Amino acid sequence: MGGSRKKLLALGLALLMGGALPGLLKAAPDTIVMDKLGDLYGPVTFDHNFHMMITGSCATCHHHTLGEAPEDERCLRCHTGGSPAETVACKDCHPQDRFSSAYLEKLEQDPYLYHTDRPGLLGALHQQCLGCHQQFGVAYGCTDCHERTEKGDAFYRSGDYAPQGGSDDKH
Amino acid sequence: MNRMLEKGFRPIDTLHKPDGTPWSFKEKMMLGLSPQEYWAAQLRNPFNWILAAIFAVGTPIIVGRFIFGLGWATHGSYDYPWGLLLGWGLFVMVPLSASGFMMGTTVELFGRKDFKPIERLGLLNGLLGYFFAVVFLQVDLGQPWRLIYPMFVSLGPAAVLFLVAWHVATYLSVQIAELIPAVSEWMGWPKAKRFIKQIVIGLTVAGIILSTLHQGALGALFTYAPGKVHPLWYSSAFQWFHFLCSAIFAGLSMLIVVSTLTKWFMRWRCDETFLKSLDRLTVGIAKGAALALVTYLVIKFIGVAHDNDWKYLFSGWGQWFMFEIALGVIVPLVLFTSAVRNNNATTARWAALFAVLGIALNRLNTSLVTFNWNLYQEIPHWREFVITITVYATYILVYRAVLARLPILFTWKDKS
Amino acid sequence: MMKKIDRRNFLKGGLAGTAALAVTGKATSGKAASFEGYPDSMGVLVDLTKCVGCRTCEAACNKEQGLPEPAKPFNDTSVFDETGHGGMPRQPTEKAYTVVNRYDTESGGPVYRKIQCNHCNEPGCLTSCFVNAYTKTPEGAVIYDPKVCVGCRTCMIACPFHIPAYSYSSTINPIIKKCIFCYDTRLKFGRPPACVEACPQEVMVFGKRADLLRLARQRIKENPNKYIDHIYGEKEMGGTSWLYLSGVPFEEVGFNTTLGNEPVISYVKEFLGIVPMVLTIWPALFTGFHLLATRKEEAEAGKKDNNKGEGGRS
């Protein structure tokens, strides 16, 4: 996958030289370490800077929360731009406990809540990353982004935990 | 044994020997022959050698099924959970055994005493058929030792199979009771016979109710699988009636087939009354079978019309359906009608053979051939064939053994 | 909003009564209420457009249910090329209660689909079980009691989705094996099944079935070009707790779209309806036939006339 990563980098650099980056993004972190979503895979060090460069627009990932007009027409019906939200980190809106009874209850109790179909953090990150990565054909295998841990190997019966044959499952 | 008759052998038909001493149980089991004579006669019979060969191959396979599990004996298919063991053992055996309630009804309920000579054969054909259907079921059930669970441990009364289980169990008891007179004569227990005589109407009516419901229920079992059974063999509204109505002529035809076989191969055991009346009775039964067949033919097509399945008739499955109807319904119907018109028992016997084959084909078509018609065709595992043949051979063996002893084909001489 | 009488229990009551020959007028009244599921039952909405075929759900199911070791690692995608008995695509087995299959569709790209028990509102398996092993819990799961399973396998006949598997390999204790919605370990406590929680793509949404239907409709409405305008499982076979959205026609990804909307019980009730009638009417009818048929005979016997009458058989 090194080759395709280089390709992306080149694309990003080209965009950078075009000088298209809005100034307000300077406060954004260069990298984000994502390590709170389980122990089957190791942490992902997300190159935020790099993704800022290649997307050229915060709204690609952050929807309307940075004050830019969102790219999706459906969002535009309400969010036409304006001031940035108080918090913009993924985890502030996308819950880690998407299906806990507490969260489900919260969804139900609030009759004015519009975004009831908001993915949880795990789903949001994967859908967001894999969506583009698959589209551009770069690094979309599980271990292209994060290493499987030993616990992960045990879970997937992979690596040292791989089945030793002998299973004659005919179905 | 037929040849021994010419040499002066007289099978037992009274409780006492000519010299007045009673036959012992062992002597009765040996048909009044000495052990040497008895076993020599058995060894002379080529059919016994065929049976022996079947058991030699089949017994280890049946034992293996209980040691290694169903996955060893069958394909262990999830799409075809019922294979040949039930397809043949339950769905074919049970309709062919409907003769019991038919003859009971004719003789006891409708008072047609002229059918008396063949009544017991009808009852025995019913009892053994049901008993071996249960044997087949026991081989096929995953946990046969839990057979009584639906009766006493955990009841699912809204299920069709619950009805089948209860009714087959009750009906088995009814049929045993109905055959107690034959056993009581043979054993010399006159009281038992007198008791059954008092309740025979009740038993017969119970037999009709139970038979109506479980023969129908076997059909209704397939209404659980709309879309899996081919539409031409499936009718939510009429499935139970198709199965019940076809069981009537299936049972009657099986009775004709079995009586024909006994007439040929067990003539030594039949008495004059049986042999002399058999042609007349065969034509009489043919009349009933023809009526059931024509009713069945009509409701089969009403079933097709009800669900508007005409378009399927022109597909490959439709050809197969028409073949089944032609072979198993129209041919026997024409032959039975001709037999009744010309009073010809031989034609009726051919008709019966076609009807029996036709009903076997219909049940196998419903449970196996056209089941999952839009998925793939399943050919049962060879071990399943071996087990089926072996259990069926046991059925024939037991059938023959009972016919040779109990007063089924002949009238017991002692008056009780 | 929900009907209080559940048709299954209704029929059960009727049959239990008649089986004991204690029939009352009530048992023969024909109309039964339609059962549309427990009001607060939970469900899962599966969005096939999101599945990437990583098989994490299979691994999660294996771990949660303590299933035996698979033949291949769960991250091995070569299983998608496997076919089972009869050339069928992979299906749930006694060792795997859920499997993911790949379908190469006409409308481009592979589509992945997870298969497991759909947890019907009116399950065919439950309807057909003569030892009453199955239960549809108010939470929505279709669970079963393996301790009473006799092994008749009628539920496998009755399941329109070919789901229940049977442990044919066992001699001592073969039983039905299928997805139970993680009832014992999770659903009972309000938690989603293991597969749902493990899915990195959030292909599945866990919630009240009624809410999920609204959600699914909203997704279709918001993305008319992305989804086929159909929620599979909303009505199929009387409705299922598991619901599906797809971007390609459902039949292209292995769904049976010919099942119709009637639950299995609807097909069987015509027979169940005649049972009480036969049990009550037959005895009187046939005893009557007997009296009619033998009347002449008895009269003749009374006259000491030995000529047998020909009449009787109708």
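Using the three backbone atoms N, Cα and C, a Cβ is placed for every residue, glycine included.
So that you can see what the record holds, here are the features copied from TrEMBL:
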type: TRANSMEM; residues: B:49-73; note: transmembrane segment
type: TRANSMEM; residues: B:85-110; note: transmembrane segment
type: TRANSMEM; residues: B:122-141; note: transmembrane segment
type: TRANSMEM; residues: B:147-174; note: transmembrane segment
type: TRANSMEM; residues: B:195-217; note: transmembrane segment
type: TRANSMEM; residues: B:237-261; note: transmembrane segment
type: TRANSMEM; residues: B:281-305; note: transmembrane segment
type: TRANSMEM; residues: B:317-336; note: transmembrane segment
type: TRANSMEM; residues: B:348-365; note: transmembrane segment
type: TRANSMEM; residues: B:385-403; note: transmembrane segment
Pairs 6 or more apart in sequence, C-beta under 8 angstroms, 3 or more of them: is that satisfied by the transmembrane segment (B:122-141) and the transmembrane segment (B:237-261)? yes
Establish whether the number of Cβ pairs under 8 Å between the transmembrane segment (B:49-73) and the transmembrane segment (B:385-403) reaches at least three, counting only pairs separated by 6 or more residues. yes
Test the contact criterion for the transmembrane segment (B:237-261) and the transmembrane segment (B:348-365): 3 or more CB pairs under 8 Å, pairs 6 or more apart in sequence, then answer yes or no. yes
Please report, as numbers and ranges, the same-chain residues at least 6 past the borders of the transmembrane segment (B:85-110) whose CB is under 8 Å from any CB of it. 74, 116, 118-119, 121-130, 132-133, 135-137, 139-140, 168, 175, 178, 200-201, 203-205, 207-208, 210-211, 214-215, 218, 243, 246-248, 250-252, 254-255, 288, 356, 359-360, 363-364, 366-368, 380, 384, 387-388, 391-392
